[in-house]
């Protein structure tokens with residue numbers, strides 16, 4: 001998972017740098033060239049600041065998933081605030097050409113592309129949690145269907161899997177459409193960078209799952225008290241959900257990155273299509 005998300009971050013950054021080469025105002029402003037890199041660096045800073053919010057409030061067995069989810073929310077809010085000062089490094093407007101069409105993007109439209117990526121990624125994470133957490137009705141109903149046999153379980157499981165893709169597709173589609181309308185493929189690449197802006201927090205939450213699972217295995221092999229095994233089981237249950245949230249980020253960002261890389265390729269080879 002770490003390699004997948006890191007690859008998406010590197011590819012989206014490269015795509016943004018390549019596409020920005022088609023804009024004379026961006027090339028003429030040295031600081032603007034490094035704008036995608038500065039956005040990623042703000043993600044590291046936002047994730048570091050988020051670590052100070054971990055111990056706010058009491059943590060118990062009933063709110064483990066809530067505490068982990070709050071880390072994503074807090075990091076997204078902080079990241080949104082930190083990228084605002086970076087707009088001073090951008091020109092007031094930048095012209096970019098793509099497929100016989102020119103896009104004039106303002107600095108706030110570029111900010112909107114990043115913010116869309118940030119918050120759509122958070123939305124995908126929430127939807128993933130809803131369909132995979134044992135706290136919500138989809139998993140509870142799926143578990144209850146096992147009482148009626150294997151066939152209802154398989155049918156309901158497939159139905160829930162299909163239904164779980166509706167909102168993420170809408171979020172990704174609207175993000176791509178808005179970003180492309182505002183600033184072409186450069187906006188799509190910035191949206192991908194924004195979705196991966198809180199990558200350190202997402203990776204930390206994703207790594208929580210196997211760590212809790214290994215702790216449960218050590219507890220069982222060490223023949224520790226049953227109460228300890230019960231605690232590790234609850235931690236493991238929360239870890240399964242967090243692993244699914246990490247996969248949601250990976251899949252959503254991969255969709256944006258693939259489109260951004262395609263746009264970077266067309267920009268690099270200067271392909272023009274008849275309208």
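Positions of Cβ are set from backbone N, Cα and C atoms, glycine also.
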Point to revise | Per TrEMBL record, range annotated transmembrane segment [choices 33-56, 225-248] | key: 33-56
Check your understanding: Which is it, of 8-32, 108-132, that TrEMBL names as transmembrane segment?
Key -> 108-132
Check your understanding: Counting only residues 6+ away from its ends, which parts of the chain sit with a Cβ under 8 Å from the transmembrane segment (33-56)?
Key -> 9, 12-13, 16-17, 20, 26-27, 67, 70-71, 74-75, 78-79, 82-83, 86, 89-90, 110, 114, 189-190, 193-194, 196-201, 204
Practice item. Counting only CB pairs under 8 A, let me know which of 68-88, 108-132, 186-205, 249-268 has the most with the transmembrane segment (153-180). Key: 108-132
Revision key, fill the gap. Beyond a gap of at least 6 residues from its ends, the CB atoms lying under 8 Å from the transmembrane segment (108-132) belong to 35, 39, 65, 69, 72-73, 76, 79-80, 83-84, 87, 90, 94, 138-139, 160, 163-164, 167-168, 171-172, 174-175, 178-179, 182-183, 186-188, 190-198, 202, 240-241, 244-245, 247-249, 252-253, 256
